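**Q** My structure is below; once you've seen it, I'll send some questions.
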Amino acid sequence: MSSDYSYDQEGQFFPFFFVTLSALVVVPVTYSAFKKSTELENTAPRIESSFKPKDADLVEGQKRRQKKKERKMKRILLAIGGWIFIAFNVWWMINTTRSAPKIWDPYEILGLTPGVTERQVQSKYRKLSVTLHPDKARPDESKNETAETINERWVEIIKAYKTLTDEDVRANYEMYGNPDGKQSTSIGIALPKFLIAEGNGKYVMIVYGALLGILLPYFVGSWWYGSQKRTREKVLFDSVGRLFKEFNERMDDNAVVSALSAGEEYKDILKGHKADAGLAQIEKRILAPGTSTTTAAGLTTKDQAKLGDIDDATRRKTLALLWAYLGRIELDDATLNDEKIEIAPTALALNDAFIPICLAYGFTNPTVASYKAAQCIIQAIPPGAPPLLQLPYLNRNIVKQIEESALSSKRRHLTVQVLMDIPALQRRELITKAGLSLPEYDSLVKVASQLPRLVVERVFFKVSGEKYVLPNSLVQFVVKARFIPPGSTSIPDVHPSDLEDDDEDETNTKAAREEEEEARQHQPPLAHAPFYGRDHSPRWNLFLTDARQGKIAVPPFTFQTFNKPILTADGKPTFAMQTLKMQFQAPPQAGLYRFQMHMICDSYVGFDDKRDVAMMVEDESKAEEEDEEDDISEPDEDTIAGQMAALRGQAPAGKPKRKTVTKGDDDESSDEESGTDEDVDSESETDTDTDTDEE
């Protein structure tokens, strides 16, 4: 027996192989390239504003370039090419005539049905020999018959006859499927023959070598080493190392801005001749005289000294550009203005990487300074500058006139909410007198009345299922707050039930937490940041500190989505009560613990909340005493005491019923909380003192 190989020269089978292999790559690439983005920046609503800054075209250009990077053009082209290749192979499969292998059947050749007797076979053979024997049959030209085809047909009839009448031939047929016995094996390969034709093999090997030996290791290596070079915040590890060296426990907002210039990422922006081009012009503009304490770009004397001490040209230009961006300094060169806009998102990414460094050391001041630096970067405002600069059409001179007319000597700067609390007629006169036209004033008020200001209504500590906070228990710090935009009118009163913990599932299981996270799908509008070259979804950072030691007591919990709708369908505020929770372990010793709560929004200046809170940790013995008191029952009628009471004419009270908490019963569920509300006397042991620091 011999074996021979046959290739798919007609293209009956290899298109199936190519389609299957291509689909394994094309389908996932297509999904990743065209799937709808789930990033909050792409799904959140936007604040309506007609304001366009002077550099609006540069800002929009930066956003377009970023979106172009996010489009994954290479994947899209690969997916399109892959589907064209698949379509071509499918077309080939449809238009190719397939020849199915025919099974040799002696009954079919003789025109008999299986199961006939040998006599019937012989009779049929004799009849066929009369008409189909080569000596008697004549070729039929209409059927394209020849003498050769007549002979071949008669040979097949003889084989079929012998198969059904001769025992030895029949045995070969039953064992090998052919009366002639074992045949040679033919192996079909579903590949076109040209791939292995003489002279083409080397090209096939070159393709295999390029795919498996060069391209595959290259892409895997690029992905691996690229992921190893960057942190979770997508910042280079070299930059993180530099930021570690910049850390200082006494850092303020200005010091954080200087530290952010240490990133390696800026070298990709300021390549080659860009490293120091125009540096003298930038420094001249940002160091021009400004206020009595800062330059035109907001640099203090200390900041100027830091800038002058930098020897590295790239870092010095980076810091100068960053201050020019924060100070909204207009540079004469269009390239410098574009670089000024481009470095801001990189600075914010580095700031996100700097925050974990501050948290690792545990100091409060650097952490708060980092969050405030984020506000400055997003709003393009120098540290310590007036919060009113966030509003459209306002600059330093206009804000200075407004503050001089509206502020008392007690306040340093006027906040957006204080400005919007001024009566409308007085506010309009104040702002238009400072230099704004009526259309500009209307646009300013429209934007200010859409800003998502989160106002805290109540804070308290609780332990699920317990009345008191016990040592080492799992404590929840609950914040009840509402989004109330500045200048809002007709604000509904707070319903007492809204201030209670409305978490119906007190089991704290993983499933319950996942359901709660899924419910937090209501997003605030994207940050109104007309000078920032990216879309940014606001984040609220909630954490507790020890004010006496200046340390972080409970690390920040970050909130970007909320459990209740923030806006109605027509864009009006809902004033719905939002619930923010952070969970931590109680201290091991009983006593009164005082904290300072910080709630800082990373996107707006002046919307922060800071207040003192206190948590009372009770000794376990007190909880045990409460349980014992609950277990004391009135005498039943089947006891001696109950019978004596019946003789005195008193009805037995029966067994005490435990109080159960039903879902949706806010009054009863509040009794089960270890609350810290100031106005509940019955829970005074665990009340939270909430002294709010006015901004």
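Glycine is no exception: its Cβ is also placed from the backbone N, Cα and C atoms.
Source: prediction; values computed, not measured.
Just lifted these from TrEMBL, have a look:
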type	residues	note
TRANSMEM	12-34	transmembrane segment
TRANSMEM	76-94	transmembrane segment
DOMAIN	105-177	domain 'J'
TRANSMEM	203-225	transmembrane segment
REGION	490-531	region 'Disordered'
REGION	619-695	region 'Disordered'
COMPBIAS	619-639	compositional bias 'Acidic residues'
COMPBIAS	665-695	compositional bias 'Acidic residues'
**Q** Across the domain 'J' (105-177), what does the pLDDT come to on average, as a whole number?
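**A** Average per-residue pLDDT within the domain 'J' (105-177): 81.
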**Q** By DSSP, what is the split of the domain 'J' (105-177) into helix, strand and coil residues?
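**A** Reading the DSSP string over the domain 'J' (105-177) gives 52 helix, 0 strand, 21 coil.
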**Q** At a C-beta cut-off of under 8 Å, are there same-chain residues at least 6 beyond the transmembrane segment (76-94) that contact it? List them, or none.
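**A** Distant contacts of the transmembrane segment (76-94): 11, 15-16, 18-19, 22-23, 25-26, 29-30, 33-34.
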